[in-house]
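Novice: Before anything else, here's the structure in question.
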Amino acid sequence: MQESTKGTVAMVLACVVWGLSGLYYKALSEVPPLEVLAHRTLWSMVFLGVVLALKGRLDELVSALRSSAIWRLLATAVLISVNWFVFIWSVQEGHAIEASFGYYIFPLVAVALGWMVIGEEMSRGQWASVALAGTGVAVLGLGLGVAPWIPLILATTFGAYGLIKKRLSIGSAVSVLGETLLLAPAAFAVLWALHEGWMGDGQGGHFGREIGQSVMLAFSGVLTGGPLMLFSYAAQRVRMATVGLVQYLNPTLQFAVAALAFGEPVTVWHAIALGLIWAAIAIYSVLSLRGRPRPARA
């Protein structure tokens with residue numbers, strides 16, 4: 001099997017896991033989102049720590065934490081924790097469809113952030129795709145009668161996360177381990193507060209109450225770190241245009257799971273918004289396949 005084929009398979013597997021992860025977190029609906037987030041953070045740290053220790057790469061993490069990169073890692077840690085929390089909350093509270101919209105529009109938000117923050121040029125087609133996606137989100141908000149804060153927060157936090165990560169000269173697995181390590185004190189504090197009955201139902205945390213539930217909370221670390229490593233493997237072996245196209249498998253599966261498995265209603269407003277967003281994605285994807293580099297503004 002060619003390396004590019006292996007990379008494509010790895011990319012598809014990563015996106016399938018991400019796309020179906022809503023089923024996993026829905027099964028943990030009895031556990032409050034903040035508690036799930038705390039476990040996801042700590043068990044991701046454990047999983048990635050073991051993997052990188054076996055590969056002899058922990059020195060990369062030590063070097064990053066001793067350099068100025070620690071401030072960027074702290075920023076990305078906050079962003080990804082907000083992203084994870086909102087996604088988990090959305091799935092558990094019946095808003096998984098809106099969450100999928102966030103991951104549909106995130107590449108377009110990333111383009112807009114690149115223009116605003118680091119002065120990357122945007123073509124007319126890119127402006128059109130961003131405008132269409134923005135219109136789609138606005139239609140969703142107006143139609144449902146509520147601010148579309150779920151897709152906006154997910155897209156913005158993940159877009160900003162990616163923008164900062166581009167300026168980090170360390171591997172993705174190492175950087176995520178650093179992020180979870182920086183978040184660990186807060187995660188421990190949440191679990192301690194739950195254990196002492198200061199938070200939640202006053203009966204302590206859910207870990208240890210049921211074997212199945214406890215195993216699922218612990219396995220959330222593998223569910224987080226595994227796809228990340230597959231994605232990193234794929235990114236080294238396939239064209240970025242391929243990465244850009246295959247990544248839409250993730251929100252497509254999220255949408256399908258929300259509608260078919262969770263039974264969330266798909267209104268005419270969802271359909272109109274999704275049509276506008278897909279049109280935006282089509283324009284953006286065509287431009288990506290052309291692969292024309294854009295110079296930065298002076």
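Cβ coordinates come from backbone N, Cα and C, glycine included.
Sharing the record's features from TrEMBL:
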| type | residues | note |
| --- | --- | --- |
| DOMAIN | 6-140 | domain 'EamA' |
| DOMAIN | 152-285 | domain 'EamA' |
| TRANSMEM | 7-25 | transmembrane segment |
| TRANSMEM | 37-58 | transmembrane segment |
| TRANSMEM | 70-89 | transmembrane segment |
| TRANSMEM | 101-118 | transmembrane segment |
| TRANSMEM | 148-164 | transmembrane segment |
| TRANSMEM | 176-195 | transmembrane segment |
| TRANSMEM | 215-235 | transmembrane segment |
| TRANSMEM | 242-262 | transmembrane segment |
| TRANSMEM | 268-287 | transmembrane segment |
Novice: Mind tallying the domain 'EamA' (152-285) by DSSP state, helix then strand then coil?
Specialist: 101 helix, 2 strand, 31 coil
Novice: Taking pairs 6 or more apart in sequence, does the count of Cβ pairs under 8 Å between the transmembrane segment (148-164) and the transmembrane segment (70-89) hit 3 or more?
Specialist: yes
Novice: Cβ under 8 Å to the transmembrane segment (268-287), counting only same-chain residues 6 or more beyond its ends: which ones?
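Specialist: Apart from its flanks, the transmembrane segment (268-287) reaches 97, 101, 104-105, 107-108, 111, 123, 125-126, 128-133, 135-137, 139-140, 142-144, 244-245, 248, 255.
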Novice: Contact between the transmembrane segment (37-58) and the transmembrane segment (215-235) is defined here as three or more C-beta pairs under 8 Å separated by at least 6 residues; is that satisfied?
Specialist: yes
Novice: Can you tell me which parts of the same chain pack against the transmembrane segment (7-25), counting only residues 6+ beyond its ends and a CB-CB cutoff under 8 A?
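Specialist: 36, 87-88, 91-92, 96, 99, 216, 220, 223, 226-228, 230-231, 233-238, 242-243, 246-247, 249-254, 256-258, 261-262.
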Novice: Between the transmembrane segment (37-58) and the transmembrane segment (176-195), are there at least three Cβ pairs closer than 8 Å, leaving out pairs fewer than 6 positions apart?
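Specialist: Yes, the transmembrane segment (37-58) and the transmembrane segment (176-195) are in contact.
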